[in-house]
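Worksheet: one structure, shown below.
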Amino acid sequence: MNSASTHKNTDFWIFGLFFFLYFFIMATCFPFLPVWLSDVVGLSKTDTGIVFSCLSLFAISFQPLLGVISDRLGLKKNLIWSISLLLVFFAPFFLYVFAPLLHLNIWAGALTGGVFIGFVFSAGAGAIEAYIERVSRSSGFEYGKARMFGCLGWALCATMAGILFNVDPSLVFWMGSGGALLLLLLLYLARPSTSQTAMVMNALGANSSLISTRMVFSLFRMRQMWMFVLYTIGVACVYDVFDQQFAIFFRSFFDTPQAGIKAFGFATTAGEICNAIIMFCTPWIINRIGAKNTLLVAGGIMTIRITGSAFATTMTEVVILKMLHALEVPFLLVGAFKYITGVFDTRLSATVYLIGFQFSKQLAAILLSTFAGHLYDRMGFQNTYFVLGMIVLTVTVISAFTLSSSPGIVHPSVEKAPVAHSEIN
């Protein structure tokens, strides 16, 4: 598929805008969640770690299920409708259920918040990404360029949220619920089409959404699956844990918390704009260096950002390190999908992504989030960052020898149907 066909594709624009709105809504939650938990709710760093552990707990409860459901539904929008409808109640839940429960009992609040946030964001994001990636292969547009719109949505919201948070934090959540109403309208208008190439592949059975339980379980007998999980836990998961409370560390370099939050919002926006530009170019880069090398580059960038934060002493340094996030995200996300569709059976792409990537990250984060929270309280941010950075570096080096660089597809031996090779360009 080329750029011209992508830009003339109606599905590209509809699902690009869907990405924009969904990540706009998500940005009303995650970038400022640790600050909201600390300043508004009044939680300690350890209690904040408990909340994030519960988010991970319920994310891993939902992700395998959503992965299998997504592969079975194919291009049907049932699951996406469920996630979008729940997002309408985002603000009422945070303000009238989540916060009061956290004041009443940390575990009651953390578990309740984990159910909601774990479904609509932690697991829901993976389901939506896997669905749109499937649509991109069926309709004939480039997934990486559609995903770029998500970066722009996050960027716009980060600036608005950074300003509104200092006025009234509740306004940020209501902005998210308002965006969900537009998301429902866009989803109603979405009518995924099928390109001529995809129709031929469907006729051959290459893109069949009919999968069996045996096919799913056979994934866990594959060395390639476990090596991908190792990379995900040791690199992507550790990086996510590092980034969870980075906003608190970031604002410590400013004279007032308000100035730090505002600067964090602007830095996030600038980073996401750069993220979008790089995301647009990522398919071109990945096609030249390969999916494995793309994941290794992402690991190197994450190592630099985490370890660099351990030695940062000025506001300028911490802003530059924050901007490195713009380089890491495109290489990790698009590289992961490229690796999955290049190594595994494309009929199981959503299952591999939600179990091998999202599920494994969240499962490990249950322990790592609480562990990191204790380290923050005992050792401080920078000593903890050094430990996390060394873990990421070590696993990245190991992955250079364990990830597969073969262009051939590995698919369950229990299924003999022909499988075509589909790539994200």
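Just so you know, glycine gets a Cβ as well, placed from its N, Cα and C.
If you check Swiss-Prot, you'll see ARG288 and ARG378 are listed on opposite sides of the membrane. Using a 10 Å Cα-Cα cut-off from ARG147 (site 'Substrate binding'), none of the recorded sites among GLU272, ARG305, HIS325, GLU328 qualify. Separating the Cα atoms of GLU272 (site 'Substrate binding and proton translocation') and ARG305 (site 'Proton translocation') is a whole-number distance of 16 Å.
Counting residue by residue with DSSP, the topological domain 'Cytoplasmic' (70-78) contains 5 helix, 0 strand, 4 coil. ARG147 (site 'Substrate binding') counts 29 other C-beta atoms within 10 Å of its own C-beta, drawing on all protein chains shown.
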